[in-house]
């Protein structure tokens, strides 16, 4: 295995240069296909070429940096588009760490490494659009009909960079696997003071939108016993799923009621309607099923008890993604060598491009800490030493696979 | 006591004529100071004059029909303005029943009776604006600065009927008391199949707006144990006040969480803020106090337990209104004579002009059933026989006070 060393100054300089596209205070405003996004991708293509990689934009704006020969290689990367108003490291860290790993490997005579920045991970047109199309999870014609909140279609948006893009997609069969480095976007590493997270699995997500319909009534003239209060149904539902789920979950399982709309939503009116989301995540498909059963049964029994009508809509289901054992082992060996006993195995609770890429090849992921667990916010940040360590762990792990 | 009999045909004809102003399907669109409201008041003034009463518009558009001489008399009435899109009986029933009682009493040689239609009971400019100003609860100059949702001031709105209005308010000291007949606007009579409700007390209202502030977080990457979920705080609060209040309330006590705003209110984000209303009503000021103590203590203890910040704003307090014993006795005697064992004592859970008038004189109220408990809706209705019975009970009750 070759000794591989990232060039810290070059890595940090590129990371800060990428931040300058769409810079806004400490964060960035660089949504997919915006002028700063396209400009940053053009700059990144040049940096890939500088590193001896062949830059290729695919038809949806995913930017690949490919080793000159056609030999099999690992693919490393993430995304460079940002939330509408986002942090500077979400996606960007993984792309620049990938570029640095590729450069460091070339310099050390290590294995060839390909680099990618997927397009629209942050979901101007849904979520993870670029990797969804590339992986075949989403048909291009279907993607083209997606629209953003302003009504612009994906087809019109990608036309803005059509002159940069190849007609064909990059073939996936040359890639041995995909490794994505990313900021954690949660509090676990920050609070545990571990500096590297090696992802054990990417959780699956289920979501249900539930509507309880009762009877809108005057809050003064309707006795408690005669009410069909949709909000009280929601309260009972929320309380009971907390109780029932507690006995079947792990400490990593999460469930959330994040969206609630009452109608008519007035202080003096008994709510006639409560429309709300329930979302749950776990790495185990069987547990996701069991949770779903509890959630659906609880909604039905609460509705019956409170004399409400219960309807569901907008069902969401993303299966858990398996992590490649060998790739994960390489990351763990590298983490233990560079940060002995300061790394941990952990789930990824968020979706990443790796979810889609897993349709095509083995995947693995590496996390660095998010200060205060903050992400999707201008104030998102990670200690410089942790960013450097993450890039080094990634580079050493992939070099060891040669 | 003179035998008094309402003229059913005349009563129903006037009630339907009033419905024709701003008629819309089965309901009415006749908000305060709208063209249909002013036109209906002009018509009502003529009907008062036809009945031998002296019609007087006061400076805010309250219309009084005063007996010709200055002798002391009872005042009967309600309001003729409607909700922006309202039912045909809310207010209108009480005003036409009052007019009919006054006419029937004159015809039977009974006591003189004054009639009133208050202005803006339905709250284009707040709530019960006409009776609030007349009773002295609200200063005219202050009322003039109130605005509707379109930004029109009360001063500008009342200018539209200024040419009809007297410069001075009607003196209250000639009135022996105020009796208001009204549709129940709730389900109690309809479900019990009683046809008359004699109001025992008008409840007091307290309201509090509470805000729980936690930590907005990613719903995938934030473990349950590390969350500060403001919505979960609301659930615990709602559940605990239900439990704790249950032991200190009566079947007539009500409490409502009718308004809830989460932020950012997205399915994939742990709610950082929950802003909600709590409103409670009871006839007993001591019980209102005790409920308030429980509500405030529960909010504080839930906030502490869930690591949330708790703030309050927009405190509302309307004291319970006492009902006159003698006037209520007259209504009960009349109800028992005309509908033996088919009437009941009950609280008024809603505010009425009687709340304000109680500042000036003894008050009492009479309810007729609302079909299905529905009000503030075009479909609001009451059986014709119940409307007639209500008018007759009112007329006989006030005649018996002579």
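The backbone N, Cα and C atoms fix where each Cβ goes, and this holds for glycine too.
Note: TrEMBL annotation is automatic and uncurated.
Pulled from TrEMBL, these are the features on record:
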BINDING   A:79, A:90, A:182  Zn(2+) 1 binding site
BINDING   A:90, A:122, A:376  Zn(2+) 2 binding site
DOMAIN    A:204-306  domain 'Peptidase M20 dimerisation'
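With respect to Cβ neighbours within 10 Å, the binding-site residues A:79, A:182, A:376 differ, and A:376 shows the lowest count.
In three-state terms derived from DSSP, residue A:182 (Zn(2+) 1 binding site) belongs to an extended strand segment. The candidate set comprises the binding-site residues A:90, A:122. Of these, A:90 has the most other Cβ atoms within 10 Å. A Cα-Cα distance of 13 Å separates residue A:182 (Zn(2+) 1 binding site) from residue A:376 (Zn(2+) 2 binding site).
Between the C-alpha atoms of residue A:90 (Zn(2+) 1 binding site) and residue A:122 (Zn(2+) 2 binding site), the distance comes to 9 Å.
Within the domain 'Peptidase M20 dimerisation' (A:204-306), the DSSP-based counts of helix, strand and coil residues read 41 helix, 31 strand, 31 coil. By a Cβ separation below 8 angstroms, chain B lies close to these of the binding-site residues A:79, A:90, A:122, A:182, A:376: A:376. According to DSSP, residue A:122 (Zn(2+) 2 binding site) is assigned to coil rather than to any helix or strand. Residue A:79 (Zn(2+) 1 binding site) falls within a strand segment according to DSSP. Across the structure, residue A:376 (Zn(2+) 2 binding site) and residue A:79 (Zn(2+) 1 binding site) are spaced 14 Å apart at their Cα atoms.
Taken together, the residues in the domain 'Peptidase M20 dimerisation' (A:204-306) have a mean pLDDT of 96 on the 0 to 100 scale. Apart from the site residues A:90, A:122, A:376, the chain places the Cβ of A:82, A:83, A:86, A:87, A:91, A:121, A:185, A:375, A:380 no farther than 8 Å from the centroid of the site's Cβ atoms, the recorded Zn(2+) 2 location. In this structure, the CA atom of residue A:122 (Zn(2+) 2 binding site) is 9 Å away from the CA atom of residue A:79 (Zn(2+) 1 binding site).
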